[in-house]
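Inspection log for the structure reproduced underneath, given as structure tokens.
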């Protein structure tokens with residue numbers, strides 16, 4: 001069980017709180033309009049609670065990264081956030097300058113400020129922060145960003161679960177100077193994911209698809225070796241890799257595996273099949289893309305697949321839906337096919353419907369599958385839609401997440417004080 005400090009552990013009255021969130025949103029590159037404000041809505045409970053407890057809240061966040069078209073200011077984020085929490089959020093177009101510092105010093109209880117995109121500062125995007133030997137509060141605390149801001153605050157609340165697999169200064173550096181506390185979103189994410197990883201109600205089924213097959217296979221390896229998953233249902237590129245490992249000739253689909261740099265995953269799939277063949281389920285049929293039309297085709301080891309596989313087939317949908325229906329816990333990540341094309345959305349939509357209608361506890365990962373759930377109007381029927389993409393996958397793969405590790409360290413240091 002992961003232990004960390006929460007908002008219940010401190011008195012925030014008249015205290016300055018630096019709140020790190022992940023409100024990285026899809027943005028129209030031409031207009032700058034925020035296309036989906038889900039991540040902004042998800043942090044409402046933490047901000048509202050801090051306001052109600054009399055805190056002075058200063059928010060740090062990022063949008064995209066240098067070189068991307070959606071790498072922009074947080075001005076529009078402040079407007080949307082103001083609407084979401086029903087209170088004006090003051091936007092300041094700098095992070096550590098005199099204007100920002102003066103505004104922070106002069107805050108009143110209940111005030112909320114959103115500072116500029118922290119990734120405008122080179123310290124925040126150094127590749128070194130991905131290396132474990134550099135991930136220490138002291139090292140991050142030595143950055144200019146943290147040294148300038150930390151003296152202004154009493155507490156550091158981290159609600160940026162979607163960035164928990166990162167180790168930038170703004171995510172972990174403040175913990176060298178003050179308690180690092182989990183926000184309500186962070187608390188909920190870690191609680192739910194810990195439950196489905198460490199103590200799921202059985203039978204537990206993992207449904208893994210999408211194009212990020214290496215990430216999904218890391219998750220599969222962890223949940224099978226730990227006895228977490230009773231069945232793993234594969235689809236997308238993940239399924240293709242396992243089909244190749246089983247001796248199927250997927251023709252042009254093998255080219256895609258190679259082009260994505262995933263050929264090495266075939267050997268890993270073979271090893272997993274040797275150990276857990278009875279728990280790994282692969283498609284029995286697929287939907288081929290022939291001149292942009294959906295053509296159902298059974299899989300046969302004696303026949304080469306001559307066209308692109310864009311979805312699982314109807315027999316597989318029925319098979320997977322039956323297994324999902326019997327499950328007490330379902331964890332899904334990645335779409336079953338190219339759901340953006342209407343002809344090949346069936347697998348993803350039907351599996352999501354099966355998950356939503358199941359009586360089991362359901363969790364789906366962020367990214368493409370959560371977007372699909374929104375598209376098909378199913379998201380509100382899922383017990384937990386994670387805000388994390390890479391962070392969720394790393395967590396389920398049993399890897400250390402820098403933000404979570406620092407929350408644990410802060411608990412040891414400050415609990416009971």
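Including glycine, each Cβ sits where the backbone N, Cα and C put it.
Per Swiss-Prot, substrate binding site is recorded for 22, 23, 24, 39, 62, 63, 64, 65, 119, 166. DSSP assigns residue 62 (substrate binding site) to coil, not to a helix or a strand. Neighbour list (residue 62 (substrate binding site), Cβ cut-off 8 Å, at least 6 residues apart, same chain): 22, 24, 117, 118, 119, 124, 163, 170.
The DSSP secondary structure for residue 366 (ATP binding site) is coil. Sequence-distant neighbours of residue 366 (ATP binding site) (same chain, 6+ residues apart, CB-CB distance under 8 A): 162, 385, 386, 387, 388, 389, 392. As annotated by Swiss-Prot, ATP binding site applies to 340, 366, 367, 368, 369, with the evidence given as similarity to another entry.
When the neighbouring Cβ atoms lying within 10 Å are counted for each of the binding-site residues (22, 340), the highest count belongs to 22.
There are 20 other Cβ atoms within 10 Å of the Cβ belonging to residue 368 (ATP binding site). Over all protein chains present, the Cβ of residue 64 (substrate binding site) has 16 other Cβ atoms lying within 10 Å. The two recorded residues, residue 369 (ATP binding site) and residue 64 (substrate binding site), have Cα atoms 20 Å apart.
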